[in-house]
Amino acid sequence: MNTALDDLHGDLVTLEDNEIINNSDHSSSHSTSHEEEDEEEDDTEDIELIEKDGNKILSSRIHPEDEIINDGLNIWIPVQMLKKNIAKFWSHFLAIEKKLTKVKCKHCGEILTRSDASLTKTFRSHLKTKHNISANKNFYSMNFTVGDSNLKNNTSSTEITRRHGYDSLTFNSDQSFKCFDIGKLQSSNYLSISQLVAIVIASENLPLNFFENVSFKSLLSKFHRIPPLTTNIIEESIIGLSKSIDELIRRSISRNDTQLPFTIHLSDSKESNQPLYLKYSREIRAQLSNLDLSHLISVNFTELAGKRSLFSLQLFDNTNKVSKGLPLSIFVRKTTDIDISVWQEQLNNLYSKYPGLQKSVISITLPQSHYTMVLENRNSHNFTFHSGSVREIKYHTCIVSELLHCFLQPLFNVPTESMLSSFSVAKENHSGGSLLDSLIDFSHIDLSSTILGKICCLIEEVNLNDSLKSDFLLYCQNYTQPNCNELTSILSCNCDRFSALKSILEKFANLVPFFKSINSHLENESLSESDFRLINTVEETLRTFEQSIEYFASSAPLKFTHTLVFIIKFELYLTEIIRSFKFTKSKKPFEKILARLLKVKDLYLLDDVNLIGAFLYPSIFQSKSLLNEIFGTTSVNKIVHNMTKIVLRYLKNFINITNFRSSNSGGESGRNSGNNLLSDYEAIFMKESRDVELLCNTKLTAPLTEDSLLVQIIRDDLLRYVNRIAHELPNAYHDYLNDNDISFDGSHFTKHELSEENDSNSGEWCLNPMEETFDIHIPISDSIWNNYISSKNKIEVIDILLQLLSVNSTSSIRSELSSLTANQDFSTKLSEETIKIKLLNSQFNLEKINFHSGSIFDAC
């Protein structure tokens, strides 16, 4: 990467004299990474050489013939059996013809198409965004067997579609359903057969009498001494399991009640000959490094359909590095209006149900509408919420609800009352749908004044005009045979779901040449050149919007390190779009989105947790503009100075120092804290200035207090972190960009894509700010944190901050809840109980749960 971040190692003055930083860790870490790369390259097979014989075994575990699938409509064949000398990314796909305009992903089964036979961006992007797989990675060199492939089952999809009822024992479960070994669970002595059957029924939204299914009875007959099952027994088992989950949560919370705040006890200083500052610092660091934060929790508040509200618990699974959530309670609201007193009453009822919760929760995340009212009322006499052991509860606005309010009204004229803070009414689950289908119901929204309304009018006119319709079908047929069915389906467009709207825009983008050709034959309003351009821009923006929603609603860790930077990058993305349009009419919806997004940014800049997250976003030190935007300066010294105050304020919520003996002697505490550690940003990162004032050269003259002691420790650790990032960031960018065929000219990232014939006729394009964020900066930041978490060289304060950020929730809207709207009837008798069982089963290891005396954290 040709950037000003190169050669930073020589510009940093470290804390080696204070024995805080060991530079050998950086070099060894980098060396190890290169060794791992070499090993990977040795293991990677050269697919171009192997593919010369289509019948040859490409792997000792996978045969190409085993991957051929007949879905009843097409025969899907591994690409290397259709074409020779192809790029490695093709090994991840199946196709039905040599043009490769339509392929099926081996990992998830999704069917992808491309409009131009020379473009492969769609396929490469799918591998990266959906599966986090580099386009340079050979499918056959990956560490799995054919049994792991989503395409192993060759059963015809049409045959499956024709099956009805439960006699077939075909489960249409969502992807989060966790399969488990009934035999193993039975042997654990914690769950009876009736409970196991209840888990299956609740997890799959099956009727209570599902156990009467002939095939299921046959399965149960394989076990000995099966007790008789009735509908009442299953119902009682579901209720009993739900109560057991509640008790499991109560036990887990009660343990936190005894831990918060974390007490750091200092030993008696009278018998020590060490300077008081050094003695206390070492004791505090030793105890900070041993703090167990794995049992901390936060609370999410979400609105469901039918005037129902859901409170859920969120924790961080340190083993699998993901956040997980469990429902606590569902409350029924009297009206759809937002009433903060009603919300507080619900919260108090929640505390009554889970007595330890009030003293153990560290933050609450709310939808945008509720968050605003909480801020307005938190200082009023009527707002009686007490945070318990945590000195100041942190409230966070749900970023997903913020994005929904920013985008939906300007683009689709969605009225505010139609934008539920969370999930819309339950409706049929559509295959290939979007998470956004469960967040907003478009069926009653008037799109006539939007660009989608124009498209619908145009399609309607084509449908009514036999001549135009005939020309359209002929165009689709000549366009490309595999895509014919998909493109012609636009004639029966349905705009009741987000995924349907997105599909219409995607198909229309492929049909622009046809609609341009018939413009002069249209009786109604035709589309102008600016309209066609607007359609392409809206389609691209919606893809980015959907990707953003799915990311922040996911279980990915450390999303708080991305929120502020993400919003600023989206602001830049929208600004570029607005500048590219000449006409006010085209600019208007994007200007509305931008105005709303700027308000969200201002709100997030007031949140200490978001500021801490931004500081801990490694890639922020790759951009002076980001530092200026968030911290108001590019001076690392000033940034660290301000962040030290913020971190101190935040950590004092959770840490209590006891047996501290203050010192009135400034000389005892007056030391060089990290002397000559760090110069300014320009000297460290940009190599433009060496004449800077070092904050760390100053000596402490004030009396030693608890706060001044913590300030020294926090500042030292923040500086150690910056030093570490400055060593690792250039290498991380260099390696990642090389691996993904991306170049950087100092201001723009350019993606270089090989054609399907490999080296010849390669293409390239400049990445927009959001593509940079999702395709470059977030993966690099996550990689740096993965390396940090797995290393032994930890930084105490940074480690604590990361654990706290992992527990806090950026969004109260979680993707695992989206399946509830597809099949869940909230009016049924066992709705809350079923939801609890379903989400427990989908996220936790049931084999590890002791429902009698265990904790929810034991099941991670």
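Backbone N, Cα and C atoms are what each Cβ position is placed from, and that goes for glycine too.
It is 84-138, from the ranges 84-138, 139-193, 249-303, that Swiss-Prot records as zinc finger.
Look at the Cβ of each of the binding-site residues Cys105, Cys108 and count the other Cβ atoms within 10 Å; the largest number goes with Cys105. Counting other CB atoms no more than 10 Å from each candidate's CB, the binding-site residues His126, His131 peak at His126. Model confidence over the zinc finger (84-138) is summarised by a mean pLDDT of 83. Within 8 Å of the centroid defined by the CB atoms of Cys105, Cys108, His126, His131, the record's Zn(2+) site, lie the Cβ atoms of His92, Lys106, His107, Glu110, Leu127, Lys130, Ile133, excluding the listed residues themselves.
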